[in-house]
Structures are given as C-alpha cells and as structure tokens.
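Take a look at the structure below.
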C-alpha cells in the first residue's frame, strides 16, 4: 500500500514537467481562499503538504470532452499492443518496435488522464474529513479509485470522464473509511449506506432549511423509515471529551477539538481548487463579460453590485448589462466549461 501511495503522489509531482445561483454559491466558497487564517496546529497534520500538492496538480489543464475521448482511445490502443506483445511470438523487429511505441503512448495517455483529474479527487475527499482519516489519506485512497476509473472508462457510452470517475473515487474513499477509520468497524455496505444517508440529509437540509427527519430521508431514498433509523444509529460514534490522550494521559480529547469557526483543511483545499477552476472558466469569457460577472458576484472585492450599479460603472443601460450577464452565464453553464464547477456544488 505504501509503495502504491508513493506512486500516486509522484504522479502529481510529475505534473510540473509535463448558473446564477451557482455562481453565488461559488463566490461564497471563494472567500475562504482570501480570508482563511493560518491553520492551527490541531486542525490536521501537514497543511503545507496539502498546499504543495494543490499547487502541483493545479498545473495540469482540465480536459475537454474531445481530449478525454482521444486519451481513452490511446489507452485502448496501448493495452491492445501490450496484449499482442505478450501473446504473439512471430513478430518482426519493426512490428515489435511499433507495438512498444503504442504501449508507451498509451501509458502517457493514462498518466495524463489521471493527472488532469487529481483535483476532482481532492474535491470529493475533502467532504469526508473528520470520519477517521486525514485529508491526505483520503486523497491517496481517492487516487486509487481514480486509477480504477481510468481502467474501466468506456468513452463510447457518451459520459464525461469526471462524471464516471466520481463514483469510483467516492467508493474508494468510503470503503477506506469503513476499513481503516473506525475503532468499532462497520460493515462496508453499512458505511456506504451511512454516506448515502448523510449526503441526502445535507441536500434536504438546504431545501427545507432545517434538519430532515428520518421519515423525510426515507421518502427521498425510497427506503423504509426503520432502515434509515438503523443507519443513523450506526453512524453515531459517542466518545467522552475527557478521554485521555498521550502516553502519560496529560491531555484529553477535548484539548484537540478544532475551532468550528475556522475553515478545515478540506475547506481550504476546496477553496484553492475552486479559485483555479473558476479562473479557468472565466477565461472563456470576453473582457466585458468577465468584468460584469466580477462586479455582479463580487469575485474581486467581495461586494456584489446590482445591475444598475454595473451599468453605471461600465457606461451602459441596466438592460444591456443584464443581456451581457445572461450570455456570460450561458457560456459558463456549457458542459465543457461548467462541468468542473458543478462538482463543487454536489
């Protein structure tokens, strides 16, 4: 496992070589990157390592749908060439060299597809911080899921790779939590049920503006209320804040609880990635469209302007500012541009 994890981190290091409401929510998250205070010592180990990792993986450009298809085809050709090299004995020297070249190109394509989606792993892993594993461990396990997704992805079905890979990454993370993250272990299937119920509960909380009941969660999932109650009970992990910590018990668990008013390393990582992906998305707009989006959603100074204020600032009517904003939002919602931003809102 350690060797496999080192390989995954090395893959990131090699990168150095090689719609309206949505925007409002994204703008709120973006404030973390500007205002986040220095991380406290007890928040989570090695925040500097997280920062370095984010910088490395941020250097690889996101892929378009066509680029994903091209890389997948190269991977397939490489796998087929490797199979021929292993099974065919009557190959000429030229044929063997050509096949070896295809294998090399396939491996390069596999590496590129993985590197371009490492940010997706972080955006998923940070949602599971606080369940028994550190953020870095969660990222490493998610990277393993990403590699499985690369091997199993079939571009002919018409799905974007990030959509397909999300399931594999999430499965790898939740299974790792089930296997390693609990003192009292839950069966893997129960841990996955807990994650499903928690995600549904969070989604309902946003729409209901309160905590949903077990019955409401059950209706949303199409499952019996009794089962949801069992899952919620299994998710509870009571522990005394007075539990001694350390060889001599000189501290208690309560001494190491993080301040809820400070962003967690997961929040900080998400904000850093969001800034990178948001800037990349805004690069698809022309100068005037980007200026209007910046002003409307306070992306530069945190203050959101009305259409009247935008019009006065740019010397145009309110209606013209609204039209340009609508066109800019349409571009940002297009699949090639907006897919990566929507990952932050799930």
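If you go along the chain as it appears here, the first residue is 1 and each next one adds 1.
For all residues, glycine too, the Cβ spot is worked out from N, Cα and C.
Feature annotation from TrEMBL assigns region 'Disordered' to 1-48 (among others).
What TrEMBL records for 73-104 (among others) is region 'Disordered'. Residues 110, 113, 150, 155 of the same chain lie 6 or more positions beyond the ends of the region 'Disordered' (73-104) yet place their CB under 8 Å from a CB of it.
Residue counts of the compositional bias 'Basic and acidic residues' (73-87) by helix, strand and coil are 15 helix, 0 strand, 0 coil (DSSP-based). The annotation compositional bias 'Basic and acidic residues' is assigned in TrEMBL to 73-87.
Among the features that TrEMBL reports, domain 'RNA polymerase sigma-70' is placed at 137-150 (among others). With a cut-off of 8 Å between Cβ atoms, the residues of this chain six or more beyond the domain 'RNA polymerase sigma-70' (137-150) that come close are 4-5, 8-9, 11, 53, 75, 110, 113-114, 117-118, 120-122, 124-126, 128-129, 161, 164-165, 167-173, 175-177, 180.
Taken from TrEMBL, the feature domain 'RNA polymerase sigma-70' covers 306-332 (among others). Looking only at the domain 'RNA polymerase sigma-70' (306-332), the predicted model's pLDDT averages out at 90.
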Using DSSP, break the domain 'RNA polymerase sigma-70' (137-150) down into helix, strand and coil residues and give each count.
14 helix, 0 strand, 0 coil
Would you mind splitting the domain 'RNA polymerase sigma-70' (306-332) into helix, strand and coil residue counts from DSSP?
23 helix, 0 strand, 4 coil
